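Structure first, then comments.
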Amino acid sequence: MSHHWGYGEHNGPEHWHKDFPIADGERQSPVDIDTKAVVPDPALKPLALLYEQAASRRMVNNGHSFNVEFDDSQDKAVLKDGPLTGTYRLVQFHFHWGSSDDQGSEHTVDRKKYAAELHLVHWNTKYGDFGTAAQQPDGLAVVGVFLKVGDANPALQKVLDVLDSIKTKGKSADFPNFDPSSLLKRALNYWTYPGSLTNPPLLESVTWVVLKEPTSVSSQQMLKFRSLNFNAEGEPELLMLANWRPAQPLKNRQVRVFPK
């Protein structure tokens, strides 16, 4: 019954392997980034995030987070360079967060957890569509951005203001004209490694690009994330208090760092 996965005691990350055996695979995400063990690689380039023409469409509560969806029918918002070969189109972004401000990020840095983590999901245009790309080892590229508790984030507030209208699973709301680059800091220094989606189906098709510099979020803004529901309307209320997967074994992988 694969559609019953979640983040609870009986269906959470430690149970996923039963329906999705790849959960114990060789390139699972997230991981802890040990800054003393990362490898500088002169072949890495600066990231090119070309989001000027980005066309956000709508916001959807999918029962495990909420997605802000983009028009990916053309090269409107793309990611290039960095560790990547080719062009990757932005299809959606979403967040992972915790039940308190001291946890919630999926990646950790020297075991340190942040309050939340933004994932900007892109697919390799050489594969024609997201579904096909998600099955390929170089099919997806996800940019991870840590949210660190501090000042309120005005760009993020535009997103949070819509959450009341998508409180329960299956609800969606129009969300045009949002610029995803407003959520990013200017400095795009990063760590990168080969990994996976961090929730089922956990496909091992992701080149991870984790930005070193966190963006800010206030404690008050964090409360808004936790006001969403995992459940659909009319079902018993289950607050979306936490939706993060813990760090997975690095196994035979290297985390590379830019700049060196």
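FYI, residue positions are counted from 1 along the chain as it appears here.
Every residue gets a Cβ built from N, Cα and C, even glycine.
What Swiss-Prot lists as phosphoserine is Ser2 (among others), and the listing cites similarity to another entry.
Residues annotated as N-acetylserine in Swiss-Prot: Ser2.
Residues or ranges marked as domain 'Alpha-carbonic anhydrase' in Swiss-Prot: 3-259.
Counted within 10 Å of its Cβ, the other Cβ atoms near Tyr7 (site 'Fine-tunes the proton-transfer properties of H-64') come to 19, all protein chains included. If you look up Swiss-Prot, you'll see Tyr7 (among others) marked as site 'Fine-tunes the proton-transfer properties of H-64'.
Among the features that Swiss-Prot reports, site 'Fine-tunes the proton-transfer properties of H-64' is placed at Asn62 (among others). Listed in sequence order, the residues of the same chain lying 6 or more apart from Asn62 (site 'Fine-tunes the proton-transfer properties of H-64') and placing their CB within less than 8 Å of its CB are Lys169. Classification of Asn62 (site 'Fine-tunes the proton-transfer properties of H-64') by DSSP places it in coil, neither helical nor stranded.
The feature site 'Fine-tunes the proton-transfer properties of H-64' is assigned by Swiss-Prot to Asn67 (among others), with similarity to another entry given as support. Under the three-state DSSP scheme, Asn67 (site 'Fine-tunes the proton-transfer properties of H-64') falls in the strand class.
Annotated phosphoserine per Swiss-Prot: Ser165 (among others), in sequence order. Shown in sequence order, Lys171, Ala173 are the residues of the chain, 6+ apart in sequence, with a C-beta less than 8 angstroms from the C-beta of Ser165 (phosphoserine).
Packing around Ser172 (phosphoserine) is summarised by its Cβ count: 16 other Cβ atoms lie within 10 angstroms of its Cβ, all protein chains included. Residues or ranges marked as phosphoserine in Swiss-Prot: Ser172 (among others).
Contacts of Thr198 (substrate binding site) defined by a Cβ separation under 8 A and a same-chain sequence distance of 6+ are given as Ser29, Pro30, His96, Glu106, His119, Trp244, Arg245, in order along the sequence. Positions annotated as substrate binding site by Swiss-Prot, on the basis of similarity to another entry: Thr198, Asn199.
For the domain 'Alpha-carbonic anhydrase' (3-259), the predicted model reports an average pLDDT of 98. Following the DSSP three-state reduction, the secondary structure of Ser172 (phosphoserine) is strand.
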